[in-house]
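Student: Below you will find the structure I want to go over with you.
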């Protein structure tokens, strides 16, 4: 299969939405029957984002095969059906580490290792490898044109485009066209300078996607086309919209997919966007409102919980409910008390690391349990629910996780020292293991108990969900918890690790060790989130059995 490539770059400012624009184009091409994949090239020196602060980088998205990747891969999976893998995201740090490892082995036979050709060749090899087996690969380069960090990546895609030829490679560049209120007009000069910067490194864009807070009129598009050396029909106006799921239609309406197919000589049927039309309809026509309290420690940057945010919205679509997320700092719960949780229709405690704010999360779980508020715990959110139950129901005074308290008498959560990974290999860890890449990662099989809420929601005896954690329920103390009424409704493939817990005498209290948010999409939703938001809606209407 011959693969064609679309390289996506950004200019003027960061956070323009390259990932969303690229994923939207991919969604249209997929809707035309083409096999599409996406890649994200990150210029930072970290080997992967796994150990980066969520408040700086945003969430870490985990793929089926256990790669810790950029949050843009979450956008990719929410827009297209193709599942991402470790081949779909790599960093400058990963490339340099691989090249240096080869140099130490003597693979380069004594050559002087340089950015060109060794680093650029390594980048090209990874891009080609990740694109195999697809009609089109859309490759997004992180950062902004002109950044020194991204130069090796820009050079690599320039070389690759030359090697592939014009019939197999094209460039799409995102820029900002700001509106100056004082002058009362849109300004195209930043876009012109951005393209000039791109030209200086040998790249001529074929499509310009121009971000603005309003539709860019034809005369301004004509001006941009003239000064940036692109066809007028290839200047795409991408105005701000109230939902990212409207962007595929916005791009399709301007013929962007036709430009791609014409360039690559592809004959494909017209895109069927009926699924996206349904998503937009559901989003625009809710029948009620719910307020979900998200009690976390990284709330100053909502992108730290990007997939959770989106999964709640998806569940809202499926239930025809408008979901408002109220972010609650878990440290505020510690200092101000659970009064700040009053008025919430449901409570969600997401994953996290470290002991800062953990007692606030425990209090949130207690509040939800005692006041019969629907509760969904994810990863650490399950662990704090377990700790709270142990302390206040199972009479295990001072119960805690060994992550936060080494000398607790009841370590109901402890370090996993051995487990089977997604490929069936036995993994072992100790307290001295490196932090990066040493967690239980990727898709794992889970057995669901008969008669459980989890099994009712999923409708299956087994499911596969993605994990990212190094602490688990202590099986030695599990009998005492179960005797006190806790229900274990999900177990790992070998039935040795607890994956889901429930409280039977509560209207809706479910917590999972895995991350269900990573597999939720706007078209399909996710059973746990759908059930959770449904319970919140029933709570609002007074229909929830207390």
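Keep in mind that glycine also has a Cβ here, set from the backbone N, Cα and C atoms.
Note that the structure is a prediction, hence the values are computed from the model and not measured.
In case it helps, Swiss-Prot gives these features for our protein:
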ACT_SITE  379  active site, nucleophile
ACT_SITE  515  active site
ACT_SITE  517  active site
BINDING   14, 147, 148, 149, 187, 188, 189, 190, 191, 192, 223  CTP binding site
BINDING   14, 187, 188, 189, 190, 191, 192, 223  UTP binding site
BINDING   15, 16, 17, 18, 19, 20, 72, 239, 240, 241  ATP binding site
BINDING   72, 140  Mg(2+) binding site
BINDING   352, 380, 381, 382, 383, 403, 470  L-glutamine binding site
DOMAIN    291-542  domain 'Glutamine amidotransferase type-1'
REGION    1-266  region 'Amidoligase domain'
Student: Check the Cα-Cα distances from residue 382 (L-glutamine binding site) to the binding-site residues 14, 17, 190, 223 and tell me which is shortest.
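Tutor: Among 14, 17, 190, 223, 17.
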Student: Give the three-state DSSP assignment (helix, strand or coil) for residue 352 (L-glutamine binding site).
Tutor: coil
Student: Look at the recorded positions 187, 223, 470, 515 and tell me which residue has the greatest number of other C-beta atoms within 10 angstroms of its C-beta.
Tutor: 515
Student: Using Cα coordinates, what distance in whole Å links residue 189 (CTP binding site) and residue 15 (ATP binding site)?
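Tutor: Cα-Cα, rounded: 19 Å.
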Student: When the number of other CB atoms within 10 A of each residue's CB is tallied over all shown chains, which of the binding-site residues 148, 380, 382 has the maximum?
Tutor: 382
Student: Mean pLDDT for the region 'Amidoligase domain' (1-266), as a whole number?
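Tutor: Across the region 'Amidoligase domain' (1-266), the average pLDDT comes out at 95.
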Student: Which is it, of 140, 240, 403: the one of these binding-site residues whose Cβ has the most other Cβ atoms within 10 Å?
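Tutor: Per the Cβ count, the most surrounded site is 140.
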Student: Just name the most isolated of the binding-site residues 15, 188, 191, 192, 383, going by other Cβ atoms within 10 Å of its Cβ.
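Tutor: Result for the binding-site residues 15, 188, 191, 192, 383: minimum number of other Cβ atoms within 10 Å at 15.
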Student: Using C-alpha positions only, work out which of the recorded positions 187, 192, 352, 379, 381 is nearest to residue 515 (active site).
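Tutor: Of the recorded positions 187, 192, 352, 379, 381, 379 has its Cα closest to that of residue 515 (active site).
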Student: In whole Å, how far is residue 240 (ATP binding site) from residue 140 (Mg(2+) binding site) when you measure between their Cα atoms?
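Tutor: Residue 240 (ATP binding site) has its Cα 21 Å from the Cα of residue 140 (Mg(2+) binding site).
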